[in-house]
Amino acid sequence: MQILKARFALRATASQFQAWSSAKTRTAATDSKIVEYKPIRSVLVANRGEIAIRVFRACTELGIRSVAIYSEQDKLQMHRQKADESYIVGKGLPPVEAYLSIPEIIRVAKENDVDAVHPGYGLLSERADFAQAIINAGLRFIGPSPKVVQQMGDKVAARKAAIEAKVPIVPGTDGPVTTKEEAVEFCKSHGLPVILKAAYGGGGRGMRVVRKMEEVPSAFERASSEALGAFGNGSMFIERFIERPRHIEVQLLGDKAGNVVHLYERDCSVQRRHQKVVEIAPAPKLDPKIRQKMVECATHLARHVGYENAGTVEFLLDDKGNFYFIEVNARLQVEHTITEEVTGIDLVQSQIRIAEGMTLPELGLTQDKIQAQGYAIQCRVTTEDPANNFQPSTGRIEVFRSGEGMGIRLDSASTYAGAVISPYYDSLLVKVISHAHDLPSSAAKMNRALREFRIRGVKTNIPFLLNVLENQKFLNGSVDTYFIDENPQLFMFKASQNRAQKILNYLGYVLVNGPATPLATKIPPSDVKPYIPQVPLVRFGSAVQPPKGYKQILDEGGPEAFAKAVRQHKGLLLMDTTFRDAHQSLLATRVRTHDLLAVSPYVAHNFNNLYSLENWGGATFDVALRFLHECPWERLHDMRQLIPNIPFQMLLRGANAVGYTNYPDNVVFKFCDMAVQAGMDIFRVFDSLNYLPNLVLGMEAAAKAGGVVEAAISYTGDVSDPSKTKYDLKYYTKLADDLVKAGTHVLAIKDMAGLLKPQAAKLLIGAIRAAHPHVPLHVHTHDTSGAGVAAMLACAEAGADVVDVAVDSVSGLTSQPSMGALVASLQGTPLDTKIPLQKVSEYSAYWEQARTLYGPFECTATMKSGNADVYLNEIPGGQYTNLQFQAFSLGLGSQFEEVKKAYREANLLLGDIIKVTPSSKVVGDLAQFMVQNKLTAADINARAEELSFPKSVVEYLQGAIGIPYGGFPEPLRSKVLKDMPRIEGRPGKELPSLNFDKLKGELKESFPDINDEDVMSAAMYPQVASDFFRFRDKYGPVKHLDTKTFLVGPAVGDTIEVKIERGKTLDIRTVAVSEDMTAAGEREVFFELNGQLRSVFIRDENASKEMKIHPKAVKGDKNQVGAPMPGTVLTIKVKEGDKVEKGQPIAVLSAMKMEMIVQAPKAGTVKTVSITNGQKLEGDDLICTIE
């Protein structure tokens, strides 16, 4: 200890010798009274956080030993580390009470040879009994005398002193008010509005404005309760409320000799809930005459009461230039920093020197020497969520990066990655101070600095502060205390994307819990990085654009001109299904946008003469949301940007759009319109039963949207087999006539099972071509049998204009025929596609490698070759592999041959129907039901009345997807349905229109950042979309991850690059996963992000099952009420079984000295209550459920 004292003695020598020299030369002429000078060797700061650090820094510069105190909850806080010594205080006491324990603070000071105590601001800083106890203990109090603290801390006594000093005041109570009855009586006598203030504290705590008499009692009770919690005394002071004032405060310094100077004023008018948010020094646009009068009143009042040390006199200034005394803050203010910046005077050092006994003249602080230079602004960055009514945000700071540079000062404490923001204390995180020669320049520096901040893990008010700084009224200095309330645009925020941290959370989740999307096989994704064939980017100094294609013909002439150009084309045109149906058939629709976009430029530059690129709709829409966790609309936008020259084609399920159910007509029409706006061109419209009313609705919707209508006839049976009479040539030509009459631009044959044999192709295409010579014909098939290439060649020779192919490496089996095979077969013939075979080969090479990334979904895990038995079972190609995977997952893998036979029987039981989504699902569900339950067709017919059929089968028989050709099977339908309702006619016809505005409003309650495309996704798939929105909010744009990393996560030690946008790439290295779990069942996962260490905490879903962890409210579930902020449960207002109305109080929480009433979000009955009084909650912890 002696060595430690010697070190501080040496450090203090120069500074204290200078102070002693100044004090020694005192004369009677310079001082009004003799003041003893006694150096301070050590200072204890009876406070925490940034103000404690501010004082420690001043002590260090003066060569004074600094001592910190900290509560048990603050043992990891930075302020205890910044002091020379630190000691725990109030062990066993609650968090705030620890810092309010006067005996404990004095004990620490006495035990550790402390000379003086600095109170900081808040806590005990305005408690006269604390100041007196310090002095009684033989220590020095760095602040005013206890008498002045008492007088100025008592707002009534302060008013009396102001009256005696002839300082203008606002009418108010003569003394502290302790009951609501007294408050009501004052309001009746003096009128409204009034403002309630804590009599023994400030900072906006316990402050309420009351404008209605009936609100006085409740407002008084809440304000008094808040004041009691913050200051230990619930007494209130009441005064008339001045409308539209500016809040101006004058900074003072006084010494023990009676000298008082002002350091000019600060404008603190930018306030919310009576708490200062942004402060400016000096006050802009303040009349110099008013300024002079104001500072004279302030200094006169200080001399009148014998004020010493630092303090602030606060005034309200009305629009007529009248100002009124509010109060004296007998302490250092939070915003003292901006006064320091404009005057160059260190207020904290001045406080300490004055406490030592130095006078203001000795410190060089005479009024004539004090000048204000330029403008300074202070912004209080708090851990509050401005988008959620500024609710406190607590938790661990995952990322912290500050804004710095010329003209910026930061005063902070817990500002580092890993710091934990607790609910026990004030939400102030860091004070940012800017200084420049004028207000706009200072605001510009502040704006720049705040934009440099990156704070993740907790919410902050930075978005709100930026809005304030960019407001023209603020920049003009024309603000009053109504500024925030009257500018609602301040609360319009652009949400922080926080993409990097969200992606780390996703990677951490996969590392801890395994894949976030179910994997179908045990085949792992390969380590390959597919080679992307190069395209020319720049030529002669300018960007190379892809050559023009049919997209330009469509854009310039419309659908009719497009159809005419297709029909006039001499060779065979191709549609490439690689981007959709090919991977739907082979890889369970799991190919991600990441891999599609990688090869898109190559396709645009080398396949411009394609008829179209099928890339959207059908199963890709819901799989993108459900399993790939990416937005299908974004996929469409991104592909259109990279492929501007090839028409895009989608699969539209008629009246079912891209869903599996019926939608109101306005939904289908709006969907098509939005699809065209997003980049879609051609709509292949089909119905799973060829039900004409459903088909026509989809056609009308696509046409109205401006798209190319390609009406599709779903093909089944065999027109070349005379024994198959249901779906004969006459059936198809009649349907073709109806679709042409309905206005289709292109006519398609959709052979979804690959049943169209070459001979049948010649008959069917030949007949339709003869009947409709001017309509383009487009044929789609699957190569399940292996005869696909032959069938498509036959179609071409019979008059088809377009056929569907997939690039070689994703062709065959249940996919489409090989592009390369068709191209090679037609080279040198009148039907030559004019596509270079070498380009097909390069394109195929990319997908040959990319396909290996999708091993977990590879159809060849169960299907090793094509199979001609498709002509018997008629299973669609897109369903074949999915059905096989389903059979394996249900334990029927070894019985797949039985499933295929049952599929044929199920089809016949249901009436030999057209089979394509969703009708194919009906047949598949019935087939698996039959195999699982060992039922034959005869069993189904015999036991139909007693069996519990799959839901899809029942709904089909009810007519939910339309009416099959030839009608429903009887008596099976009647046996299954019994007295269940039946749908007659088009299923969606009677559905009421969907109110999109209402749906958007409901979604925004849970997902504020959704757009109109998200709303449409929710209209299509309500639950799937909500789950996706939750995932996106939590994990961000995972579409930017490479596919292997997305599926199975990185290995420890791996480094990946993630390009999140043009010019922004994340370099992520996985460092470690902790073996130990936290009390909340979480594991810490460590990464290096762009070279900086970051970590995330991830709940171990398996290991934590054994732990008792409070449940969370599910975002978007309106039956569940979650904690709006972390805090302590003060009161529970309901119990299980209670009936509640919307808005009725459920519970009261307290955090960061703020109380919040949790209200019922809806009317209903309380089913469960998950909290207890006194329980500490985290944000979103479940409070109760209401049904």
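Just so you know, glycine gets a Cβ as well, placed from its N, Cα and C.
Curation plays no part in TrEMBL annotations; they are all automatic predictions.
For reference, TrEMBL has these:
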ACT_SITE  R331  active site
BINDING   K155, E239, H274  ATP binding site
BINDING   D581, K750, H780, H782  Mn(2+) binding site
BINDING   R653, T917  substrate binding site
DOMAIN    39-489  domain 'Biotin carboxylation'
DOMAIN    161-356  domain 'ATP-grasp'
DOMAIN    572-841  domain 'Pyruvate carboxyltransferase'
DOMAIN    1112-1187  domain 'Lipoyl-binding'
MOD_RES   K750  N6-carboxylysine
MOD_RES   K1153  N6-biotinyllysine
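Listed in sequence order, the residues T577, D751, M752, T781, D804, Q816, G877, G878 complete the 8 Å Cβ shell around the Mn(2+) site centroid, once D581, K750, H780, H782 themselves are left out. Shown in sequence order, G172, I195, L196, K197, M207, F237, I238, I326, E327 are the same-chain residues outside K155, E239, H274 whose Cβ sits within 8 Å of the Cβ centre of the ATP site. The Cβ of H782 (Mn(2+) binding site) has 32 other Cβ atoms within 10 Å, all protein chains considered.
The C-beta environment of E239 (ATP binding site), restricted to residues of the same chain at least 6 apart in sequence and closer than 8 Å, consists of V170, P171, G172, T173, V194, I195, K197. Rounded to the nearest whole angstrom, the C-alpha distance between D581 (Mn(2+) binding site) and T917 (substrate binding site) is 13. Counted with DSSP, the domain 'Lipoyl-binding' (1112-1187) comes out as 0 helix, 39 strand, 37 coil. Across the residues annotated as binding ATP (K155, E239, H274), the widest Cα-Cα separation comes to 17 Å.
For the pair R653 (substrate binding site) and K750 (Mn(2+) binding site), the C-alpha distance works out to 12 angstrom. The recorded positions shown are K155, H274, R331, K750, H780; of these, the one with its CA atom nearest the CA of T917 (substrate binding site) is K750.
Here the CA atom of K750 (Mn(2+) binding site) lies 69 Å from the CA atom of H274 (ATP binding site). The two recorded residues, K155 (ATP binding site) and the residue listed as 'active site', show a Cα separation of 14 Å. Its Cβ placed at the centre, K155 (ATP binding site) has 26 other Cβ atoms within 10 Å. Of all the binding-site residues listed (H274, R653), H274 has the fewest other CB atoms within 10 A of its CB.
Residues belonging to the domain 'ATP-grasp' (161-356) score a mean pLDDT of 91 in the model.
For K750 (Mn(2+) binding site), the number of other Cβ atoms no farther than 10 Å from its own Cβ, over all displayed protein chains, is 26.
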